[in-house]
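Taken verbatim from TrEMBL:
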type	residues	note
DISULFID	161-187	disulfide bond
DISULFID	203-206	disulfide bond
DOMAIN	24-661	domain 'Vitellogenin'
DOMAIN	1330-1506	domain 'VWFD'
SIGNAL	1-15	signal peptide
């Protein structure tokens, strides 16, 4: 029995679930009362909100079984802008048109609780249908028969979103409650329209804890049974959207929607549809219409767009440009909105009316790009093709249009016709801009569309095939950039045609094309990371490819955000990386990532921390001549704002100038990210093109090639095409690029050296002589960002940000030139002219910003708004005089017309509501109302500060007593701070006003809302008027005559000075005085204090870090190096060399200002700078005295105050040696300084610890000498530094800091210290050039690799040569067989130079003719080659040909190649590319592990004993004599590396062991192993003997 009862119960429940579907069928009309409330603002009561309320009766009646009619009865609309919840709604009188449209019945399908299609006549606008969808959305119920708690993906007004159902029954009241909730952040298909967010990316990691934008909706239904089923008796809906840019819980601004639907009655009267065809108008989902055309800032009634545009233009273009009015940016936004409603004919009519009026023309062209409609784009195309736009105008308009026009299939088609038109294509600059813009248009369209047809890129894919066939480098470069901008995944297969992946042959493509192809994958990498990873990984792991290509692929790889496993795998693979450039970039990039604290990089940073432990720490010691990556980022969690900057320096030959630099800045805000700016620069070949000499002797090539013919396996390197390039990306899209080739460089050099610049300067002076006036105004829509989405009620809501700025200015310039300019202007004439320029400028900038949150339709708006406004105006009049002949320069600034409102900044938050019926009666309420604040504040207070009293002391204000508040409230702030600017007769006043909502909650957002303002005014101060500010500079002997105040010091006979001198004599007693200077000078004293000798020692922390310092300075100088600086006033004996006077010119002629004079005493190596106040009774002075005490000791003292006696700082700089290591020591002693400097130094010291960690400095909190800072620099090796900084509170140190260049101490010591010219020249050579040398038997390559080997007798070896096909030079070395001296042969240009040793002297032959070496001084006719005596040897200089210097003496030689030849040389000295792991490169380009085999491969072998070079050796493969069992069988082996052997008929008299590789094969093989033996693989390595000296018999042929 129990079983039967249970079964019946279950059946009953199941039947009830089935009947929960609302019953609407039948012949009756169901009438409901409907109410919808929509609000925006903060949730806190007592603050203002904006919103609307919709009231109406809703009647529903069935037409067929599943089709129903819905009609609104007596719809009413209310608007709200007031304090919530006390203020009341205000009824809005709808226009008759809208009221009639609302009452037209619509049809809809409804089956089993699911709303289907919606039907309405064509006269019903989409906006009205969306309101009906909001009502139908309540009836959307996906009810399951057997479950009461479940989840479904449910369709609704906002899209298909995750929906949770809960069904419960109340047996007591006999009704069922259905509750459902929709998470609007978890939607498969969300109805959203974004404007201006194309270039932003979602930062998922930034929103893991709090999302910047979230939304949810909850529904509650009460279902009661009826005789035919169940009926909805009451339904309530609440939807909330929250938005915050701050990481603070519960403080988000929100938009709320509430709906109620209550059953009223059942009527028998039918619903009669109108007599019109009912068309299918979509389903339940919201449909967008013209929401983007309506600006949320201000509702406008648009009746006649063309006439309204003309009115707006008249308002803007007729404004005076002296100062931009505050309302101009808003008027500019209104102009844009009006033009969006204008048709093409209307825009053309406006253009025809105003195109001949410059002001109007400029405003139209500035507004058209921001209009962004198809009509605006058609207008741009039509006017340009008609020739009505100049090229600069069209370029400016086009650059803006591609980023602002609405991207859809129609606009893309229109833009395609413009970009591919003949007029655009025939102009190179316009073609580049237009083609790049085409890619941008496609990227913008695809970012907002679910489908992105590949047909849009078909024309460019075809161009790829065509450009590839023609090998057109410039075309390939452009198309790759277009595909990179578009970022379509289908372009990958076309981009990879230029890359060495999937078996592609890329021999025809230059390196810059391949690099461009990799960079074109960056945008695609963010969309399809896996596809791009597959491509760039193949490039990066291929060690045979060019290092630059591999490094760029690494950069793109990290755009795909690789996972930890991939990063660690690549780190392990990098352990065997042969190329140090690649290894250095990867290591530095990973190390930079380990320091990242940004959420976006958290996973990659964690992977990098693991990977960095796998890699060798030696990579961290590579200098900055190797490729490096830098990353700096920061993220403020509370504000949800951050920034990241990266820079990649890519090199391939350890040159000073990197091959490429890629920098990028990225910004983060409210969970979104964007690449703000990216700049890439390539300098490939530019340095060479600038410095290389032209080759006028082409007959050198046969001679060079004849020498290289002996190297049968030699492979020349490809020539560098001189091409520099730069590209600029804004918001991830490349907007411009430029190539700099040799022709461009030659044109630039011709411009600078051909006299064009003086001519242009003369023309400019002529124009200014006649008077020039210039007016300019530039409006700009800085930002239009909109996030539009439907509310649950079917009303569109949005978050918007608008920013518009207008900059304007007037410039008037008048020049008076004496003597007047002639028709022909020369540099000598300009140097003799006296020029007086007068300029008046009045720059003004106004910026307005609007942040809007609320609902926006064409007939009503209600939103919470934040408005910001900044206005600046600062006029200036300047007069400048330049008398070049007398070396006198004077600049005078005249006072401006006061008062001047220099800066006005206002920010306020408002709640606004308005409707189209009463556009000018918009209801605006401050979010923090004044009435609430005034209720608790008797009066605002003002704090006045007396002029000139701006100090660090707390500004105290007196508040009047306040009444006992009803709530805790804050008092509005109103302060005025004024300060007199010394001497110039003006007061600067800052007025600050602020009223916020911190009385509710003291958080960031409650501090922001309210009203805030800052005004900065410049007003005239009390006292004599000022005529102007004057700065005069006089150089040379006339400086003394310009002094306004005689410089004198206190008499030494005064008691005070006598006491000082007595103390000084005691301190200086027993110390040796500098004979070149005297402490006393007649009766005047300048230097009154001294510094005592000081010995220093390193701190314990530095000693523990292997410090090289000890207590005494061992520099060849005694403590005398630290003796006091002795001084006298140089003005007594020498005239000033320069005088600078800055003064205020007043009407009462009272002197105010400062005078600087500088003195130089060459015999005593002393310089003095005196600054004095020119006021009559002011004895303030600043005295700076510097002196060279010895060749290794420089001292300086800076004193200031009354007679230079109040404050003083002494500085000592010493150089010397600490043991064998050079060092430098700097000490700064603060004898007495102002308190403000001390306080500032203490505050700065607090940040040093954090800065030290970022820069890798070790820090110790050990106390040091007070008021003293010491800097110690020790040079343990030529390429490393130890740096120690000692402050009073801490010691900072960094050890073994790797330098990008070697410090050339030995080269400097070769010259007398007085020979400054040669020292500087050799410093440049040593630091910029690559050096190869041999001293005794040790050869040091360009890459500092040292090895000993025996040079074969009588055979030439390639020491160093230009390995490109240009063969600019070859340097050969040969050891003679008699005295075994090493001789050099240099082939450069059209000469052969032999430098050799004979009879204890160095000899020189040129083209076989010996030339005397006594005071030799040879210069090639072209001036590009010099030969001269240098020290005990001979030096040849040919920097224009790549040879910086070849130096030869009897016991050593040195070869320097210029910086731009690095990586392009070969021979015994190597490639000079810094790749020590690839040092032993043979002529064939292969690597060998043996230094001997490497050296012998560069021997020039001969074929006959009769060769003129007297060499008797050749290179050949050698058969291994011993038996070898390989893979279980007997094998014969041959060397895959050539071995040096004597010619047939010659016998070796000297050998050297060499270890080489052998290839083996079965002894049964009859193949000729010598065919292609050098390309065979290595099976084993064995040691054999190489011949280095031979003796031949007469039978030798």
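Placed from the backbone N, Cα and C atoms, the Cβ positions cover glycine too.
Sequence features annotated in TrEMBL and their locations in the structure.
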residue: 161; record: disulfide bond; Cβ within 10 Å: 23
residue: 187; record: disulfide bond; Cβ within 10 Å: 18
residue: 203; record: disulfide bond; Cβ within 10 Å: 23
residue: 206; record: disulfide bond; Cβ within 10 Å: 25
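A Cα-Cα distance of 23 Å separates residue 161 (disulfide bond) from residue 206 (disulfide bond). Geometry remark: residue 206 (disulfide bond) versus residue 187 (disulfide bond), CA distance 20 Å.
Per-residue pLDDT, averaged along the domain 'Vitellogenin' (24-661), amounts to 87 for this model. Distance from the CA of residue 203 (disulfide bond) to the CA of residue 187 (disulfide bond) is 18 Å.
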